[in-house]
């Protein structure tokens, strides 16, 4: 909590133009962190016109790395198979990556309670430059890392919304640092916050490591997890997660397109967790149980200049179906598949109870805000209409409470939602994330 | 009420205004008195606020330095901290943050402290946190700025100025490495570069090692068993030393304030006495006594503001002149970096104003009291009767004796536990000075009485002398305050000059004894052995004196304390002149022999702090377990704030794994200048046998001497400046005091002139009176000065710095002080005397008729 006020104080001390610049940078970082789309550091690096494809897209010329120091990251592109358990770990060759867990829980009295645990990895410089830096300074320096780890945790119920943030730099190869992710046996951690696999090492080694098997079987390094975080002196949680279905790969076998011009990220999820454990919120301890959803995504590209942010949904429907949908606002104009004149880019996945995934393309769904609320000095849509005509879905999604603003270094909205059918009957629950407002 | 009250109030106010104007008109007739009052206030507040400004900004610098180093952890097993400890503690949920510290050399040879921080884990409220309002935010305190390539080198504006660099520039280290671009951070202490830990660890070649693990203040999480909070350093810490230095400065400032207020007191007394008639007339005209007191109080406040405000400004100027010297001294003496520019909080201004106005109030209280008790019917210019005078003398003598007794009591009485002995020392000195000042006029009166009685015969000449003495006795009450000021200033000057001079002599002596080698060589650690082997074969070198140093802890029953450890080569070339303060059975040779056999020598600071004496056993922590040996002797170690243990260099490298240090080279006697030059040349180049290792650094003894001497000259420049100023203030006091009563003097001398005494004779008498009085005061100041000198070297120095100095007396300084006192008195008397000389007979006759 203190860190946040420090940051704010630092921020307010900056002169106005610096504040604007910093705000711009932070915004770019948020968008980049969460999406990994078209480079949008236009503010600093000069605008990338709509007609000009970003240099990273062009495999010609400077692919060897000369003259493209800022673009020395690996690009996500379709046709690359996911590999497990390796892909559960970090991909330092990509710019951004996250392990994103949200849980819709209920306490003994059945009252709803939301929990979030997120670990972000951000490379401050491409791996090549990183290597140069290491060579220049010698490899004995354990601090020399261009990886930045950032974690967010939140517990919310009704009015209460406790948020905490941790930051750490990466650790050198072969040395365990305060933050990191290990694929085998699975562990993701920052300080004393951790998300660890409960499977023994031998068992997870015996597991098949091709894409096909974990996606159809429910036994994987991620199928038994335990997650914990201490947000402050009076708020903490510890949950065990048991997967009741397989991992699912979004988009084209794990390549999720994020803009009309074909850029995207690698994206898979485990949406079938049954969660159980204990949550202490402001000194009150509750036994909780419910459902959780883990997202894994990595990419190297930032938002394009025109894209301002996104709205993202993960829903547990009552019939066991899971639904993921996102809307990227602005940008990508000129593409034939965009919705209306706004240039928004929509995408989603409908996952049946047995793990069969149906990708939803930009024209196959619509996501419309229907009510706005004032939150943290901004106007945010807290009621949405989600239509998937091809599947006969017409859902109304409402935030359980509008006050779910994450007052982290990079602020955004993240909170639990309820789902209703067009007839007004409850159809399930889930999580909503809104950035760039 | 109001309808009737309003018209009544108007004449009341008008009366008060008229009365105030009448009272103030006194100063129009006597501008000398006004000048004296204002000068006294001005000087008092200038010196006081100047000293306070220096103290305040030095303290601010320490606070900034200290904020970088609060609460921290260490391992219970004493092993150095590393990256793994940081990880372990972070994973245990402790908000720890690592710090590396060290010194780097820039390519221009300048050395700077480097502080490496980990901005992501840093606890809030530490570095990067804005503590002082008014920080304009141009310091780029965004934590990511340090981290993101190319990073930042943050530094205080003062450091930027001394480096002659501009923000954004990149400094270059001695090895050619480029530091991250410079960014100003006003919160940093001067002389420190702060950067990301990655860059600092590289520059300082630390690898995974870290120096400190900071813990967020108020952390609730329990520490793992393998760690503990770092215990606060025991014994003499630099903090205490700098505190002592500031206490010294404060004492000087207080003395200046007292001297200045003595002037004010004298002037106020004079102004009241001369206005007694006026006050009575005002009372007789119907001004109520209470109104009169109120008006005088208003006058005091007006005068106080008029004198104090320019005084504070002058004090600031004085501080800005002296501060660079103070900063340099503190840095050299205690390694405490002080900004060379003033930064003052608001309470400094308020405090300075309050102190001077408070002083003025105490000086003016007597005047108000006497006004309140004024008897309208008493004679206008009643001279105090002899009986009155005697009673006052007796009272003053009693008070003086009491004060002296208290001073003696403080000296003899053991300091109660808990009170810093330094405060007690200063209290003793202050009491002794106050007692002497109080006793001064009693003593002077007695001397005059004795001289008067002792004059033989009744010749006209004797009569004149007797008159002069009697007249001086009459003047004494008025002159006594100026004389007190002179006494205090002279005694302080003598005492401090004696201490500084004594310190200088002792220190230079000691430096000569300790720096016996002609050249000092510090080879790169990797090439140390090659250099030693090579040097041992050289014919130009008579003796090779190796020296290593390291740190350890002294283990005692009551706890551990950090000590410095040095290893020396106990060669006769070094030991013959090395001074020892105490040895077992007073046998120097035996002490050196036992050092060779494994015993230890300790410095005086450690002996005073721990009570260790020759023959006692001491235990040191070493990498291979506790190391116990006997104390063979105690040596003086001036200027070192730390306790130090000396062993042989072999033991240090074997038992304590001390890294290679420096080598002292004693050249063969009678070595030709050309050979010496060739050797020097050779020593500044890398040794071919040592492979890649860079060239060693070579310091010759003369420049080392010069450096050390400079440090001490600078340290005491401030002290000297302040004593000089105090003496100047005393002279001013005397001068203004005499000036103020010049007119009255003329009225007193006029009858003598009328009786037929020549003007030359009168002039001579006047000058002799004052010169004699000043000389007598100065003579009395001599023993007081010596006593003060003794108190400073034997009591205050031990309490403040941990070492005792031998008492040196400087008769030349005494003569100088005597001469100075007489000169000041004569100068002060010269103007009134010259006026008398120039006064036309008509004026003198007028004076005669007027009196």
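Keep in mind that glycine also has a Cβ here, set from the backbone N, Cα and C atoms.
If you check TrEMBL, you get these features:
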- B:249-272: transmembrane segment (TRANSMEM)
- B:252-363: domain 'ABC3 transporter permease C-terminal' (DOMAIN)
- B:292-319: transmembrane segment (TRANSMEM)
- B:346-369: transmembrane segment (TRANSMEM)
- B:396-413: transmembrane segment (TRANSMEM)
- B:425-448: transmembrane segment (TRANSMEM)
- B:481-503: transmembrane segment (TRANSMEM)
- B:721-740: transmembrane segment (TRANSMEM)
- B:723-841: domain 'ABC3 transporter permease C-terminal' (DOMAIN)
- B:761-793: transmembrane segment (TRANSMEM)
- B:813-834: transmembrane segment (TRANSMEM)
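For the domain 'ABC3 transporter permease C-terminal' (B:252-363), residue counts in helix, strand and coil come to 96 helix, 0 strand, 16 coil, using DSSP. By number of Cβ pairs under 8 Å, the transmembrane segment (B:481-503) is matched best by B:761-793 from the list B:249-272, B:346-369, B:425-448, B:761-793, B:813-834. Taking DSSP states H, G and I as helix and E and B as strand, the domain 'ABC3 transporter permease C-terminal' (B:723-841) has 103 helix, 0 strand, 16 coil. Just going by CB pairs under 8 A, the stretch in B:292-319, B:346-369, B:425-448 that sits most against the transmembrane segment (B:249-272) is B:346-369. Mean model confidence of the domain 'ABC3 transporter permease C-terminal' (B:723-841) amounts to 79 (pLDDT, 0 to 100 scale).
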